[in-house]
Amino acid sequence: MAAPGSARRPLLLLLLGLLHCASSVFVVKNSNGTACIMANFSAAFSVNYDSRSGSKNVTFDLPSDAEMLNSSSCGKENTSDPSLVIGFGKEHMLTLKFTRNATRYSVQLMSFVYNLSDTHLFPNASSNETKTVESITDIRADIDKKYRCVSGTQVHMSNVTVTLRDATIQAYLSNSSFSRGETRCEQDGPSPTTAPPAPPSPSPSPMPESPSVNKYSVNGTNGTCLLASMGLQLNLTYERKDNTTVTKLLNINPNKTLATGSCGTHLVTLELRDEGGTVLLFQFGMNASSSRFFLQGIQLNTTLPDARDPTFKASNNSLRALQATVGNSYRCNAEERVRVTKALSVNIFKVWVQAFKVDGDQFGSVEECLLDENNMLIPIAVGGALAGLVLIVLIAYLVGRKRSHAGYQTI
């Protein structure tokens, strides 16, 4: 008879496997069988689409049977760049296109192709079209190092948001396996095991603390049309006068900021102007057919004294972030990065926002972000697994004890 420990071991491995089943590993190889791209992550999709009864929002995960397609490629020098193409379901495709320079590589472009004729994911869709959305990303790492991000990495693509979780990604591999060194995403903070080489240019300023959270409101003739509580941080990339490119984080100080705005039928604005002349404008739009509001646009005008061009301007009016049903509020305790342009992202901390229909100074029913929902599921899954493990050990113990007593007979 097998020892009780050997009987329990496969059950323990099964439980541990269940905790990681959502993650998938993809490897792109060249014609010689040498790996050039490796990726290990799980992904969640949030898609807003038109149905016969109005606009709908669906969320779904990258399934465990998703597979790398033959259109994935290691690329050709000076001709094409490496790409990872993942297919699942009814002709849905997630593509990561890579590029590099002398010191770093990045996912230059992420695209998602989804088929609205898939009634399982998009019930009652008003069309059977195949849609394509794409966006540049902040996924980048040093050459010969893997990109590592335990925190959720969100990429907003028009009406689609893709969230990569527990991601390990590397392109331009030198030995067909993940490197030991890693570049951590900003959400995780700097890697404790590596330090950047000292640049010839002046040392960068220290990382600022998380910005202060402040409550903002915009009022019109019919009352409050916007209520928001959040901390704001600007992530700026620009070229300095000495021809070096730098990335700078600037916190919005609510104590030195004047907040104004406007209320419209289909557009609500919040304008923040600080003492130095920086103007940050948020525009919230509404989809009337779905009765959902969302962050539609961000504009920034500021001055960077050490920049080659001190006047810094950036805008994007086709965003689709911070979405919720009109009358409800959107809340996310996790840091959210909204990419505006290649040179500007806005990091939003502990956001709680409601637009258009607001009851006084009170937030309505809460719609949580995907990042918060996933953070809640992790301890639940771990707790459930541990409880199951305790139950299995108890059962194994009782069965083993019963069998040991059966070995003795009364004379």
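Each residue, glycine too, has its Cβ placed from N, Cα and C.
The signal peptide feature in TrEMBL is assigned to 1-24.
The domain 'Lysosome-associated membrane glycoprotein 2-like luminal' annotation in TrEMBL covers 26-171 (among others).
Cβ-based neighbour count (10 Å, all protein chains) for Cys185 (disulfide bond) stands at 22. Taken from TrEMBL, the feature disulfide bond covers Cys149-Cys185 (among others).
Marked as region 'Disordered' by TrEMBL: 178-216.
Look at TrEMBL and you will find 193-209 tagged as compositional bias 'Pro residues'.
Taken from TrEMBL, the feature domain 'Lysosome-associated membrane glycoprotein 2-like luminal' applies to 211-358 (among others).
Around Cys263 (disulfide bond), the same-chain residues at least 6 positions away in sequence with a Cβ under 8 Å from its Cβ are Val218, Asn219, Gly220, Thr221, Asn222, Cys225, Leu226. Residues or ranges marked as disulfide bond by TrEMBL: Cys225-Cys263 (among others).
Shown in sequence order, Tyr330, Arg331, Cys332, Ala334, Glu336 are the residues of the chain, 6+ apart in sequence, with a C-beta less than 8 angstroms from the C-beta of Cys369 (disulfide bond). Among the features that TrEMBL reports, disulfide bond is placed at Cys332-Cys369 (among others).
Marked as transmembrane segment by TrEMBL: 376-399.
The domain 'Lysosome-associated membrane glycoprotein 2-like transmembrane' annotation in TrEMBL covers 378-409.
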Tell me, how many other CB atoms lie within 10 A of the CB of Cys332 (disulfide bond), whichever protein chain they belong to? 23
Mind tallying the domain 'Lysosome-associated membrane glycoprotein 2-like luminal' (26-171) by DSSP state, helix then strand then coil? 0 helix, 92 strand, 54 coil
